[in-house]
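**Student:** Pasting a structure below so you can have a look.
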Amino acid sequence: MNTHPREIIGREGASGYLSIDLQALRRNYLLLAERTAPVPVAAVVKANAYGLDAARVAPVLHEAGCRDFFVAHIGEALQLEPLLPADVRIFVLNGLQPGAEDVCAAKGIIPVLNCLEQVENWARTARDRRSRRPALLQIDSGMSRLGLPPEEVTAVAADPALLENIELLYLMSHLASGDETESPQNTDQLAVLRQVSALFPDLPLCFANSGGIFLGPEFHGALARPGIALYGGVPTDAPDNPMRPVVRLDVRVVQTRTVPAGTRVGYGGAHITTAETRLATIAAGYADGLPRSLSHRGAAYYAGTRLPIVGRVSMDSITIDVTALPPGTLKLGSLVELIGPHQPLEAIAADAGTISYEILTGLGNRYHREYR
Ligand SMILES: *Cc1c(COP(=O)(O)O)cnc(C)c1O
């Protein structure tokens, strides 16, 4: 199957519309760059730009001035590389997978080195090619996920021969609680990073994710690397989300009905109406990235009216209670809002018991996608 059904059916027949506002994306990039200036801002475009399509997103960010792009996997870097002009740097967060050294070197992809073994492997690759190779060195400042623990960094710093063929560009670390402005973990991690950084006196820092940008200039280092804020997610628990929404999701009504009190709705008959109820079934479900945890909890909106999800979320459909709307308002083919001005990304994520990141990266590929 080369052609996706959504392309055969075209706009009119689509069951849902995922609209991605590239202008808002651009504004978000510029807003973050303004916050960190003169420190430049990279873009994290891992997981296909948080599900929004790196091939569409990355060129827009490049045009807005972004020259540094972070992905998670080397495969993502290889996909991204031909889509961007040669003046960019592409960094791989998950590090240098054994066996991927040569392709990384050949394509000029820059690994984040997360352990001693990766440092050694990259050094060997560079030596074999008789050239110095760029890299970032990540230290674990308190998240225990990726990066060299402080003792290992000390060993690396004490062995100048090891780094002879590696051109370190940044000392990097990642915040575990960057979105929580009051968390003491932020300043603890900053202190660890600063301490380790004394071992590499001239090496600039790369620290702030989206949340980190809002913690203040001491977190900005020499290169910020936001992801979620670019895509309109709320980056901080400080009041007032300054980011513009990027994503809007509207889904078609495929059936409406009125049922009496005592009627079971959906799988397992898990919802039973307590009064006469007008229902609408909409054409998206958990296979489209609307988690099953929205069962009985979430809602759709129509012109600002909340329409609660009743019963369980199915694979391809969800039933909503539309009694709050005047009879006949919703018909076959009407659109209801799942993500938009009345239900921001964070609201649907909270109802699903998750975070905006998971909703974004899970948005399915059966929607008609519109890039504005
Ligand atoms: C995903 C990721 C980011 C981006 O984080 P946001 O919270 O989306 O801004 C930055 N750095 C690392 C190491 C990451 O894994």
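A Cβ is built for glycine as well, from the same backbone N, Cα and C atoms used for every other residue.
When I checked TrEMBL for this same protein, it listed these features:
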- LYS46: active site, proton acceptor (ACT_SITE)
- TYR267: active site, proton acceptor (ACT_SITE)
- ARG145, MET315: substrate binding site (BINDING)
- 246-372: domain 'Alanine racemase C-terminal' (DOMAIN)
- LYS46: N6-(pyridoxal phosphate)lysine (MOD_RES)
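Quick one: where do these features end up spatially?
**Tutor:** DSSP classifies LYS46 (active site, proton acceptor) as helix under the three-state reduction.
Residue density at TYR267 (active site, proton acceptor): 14 other Cβ atoms are found within 10 A of its Cβ, drawing on all protein chains shown.
Taken residue by residue with DSSP, ARG145 (substrate binding site) is part of neither helix nor strand, so it is coil.
The domain 'Alanine racemase C-terminal' (246-372): residue composition by secondary structure is 23 helix, 45 strand, 59 coil, according to DSSP.
Residues within less than 8 Å, Cβ to Cβ, of LYS46 (active site, proton acceptor) and separated from it by at least 6 positions along the same chain comprise PHE70, VAL71, ALA72, HIS73, GLU76, LEU93, GLY227.
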**Student:** Return only the integer: C-alpha distance in Å from ARG145 (substrate binding site) to TYR267 (active site, proton acceptor).
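**Tutor:** Cα-Cα, rounded: 39 Å.
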**Student:** Taking the Cα atoms as reference points, how far is MET315 (substrate binding site) from TYR267 (active site, proton acceptor) in Å?
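**Tutor:** Per the Cα atoms, MET315 (substrate binding site) and TYR267 (active site, proton acceptor) stand 11 Å apart.
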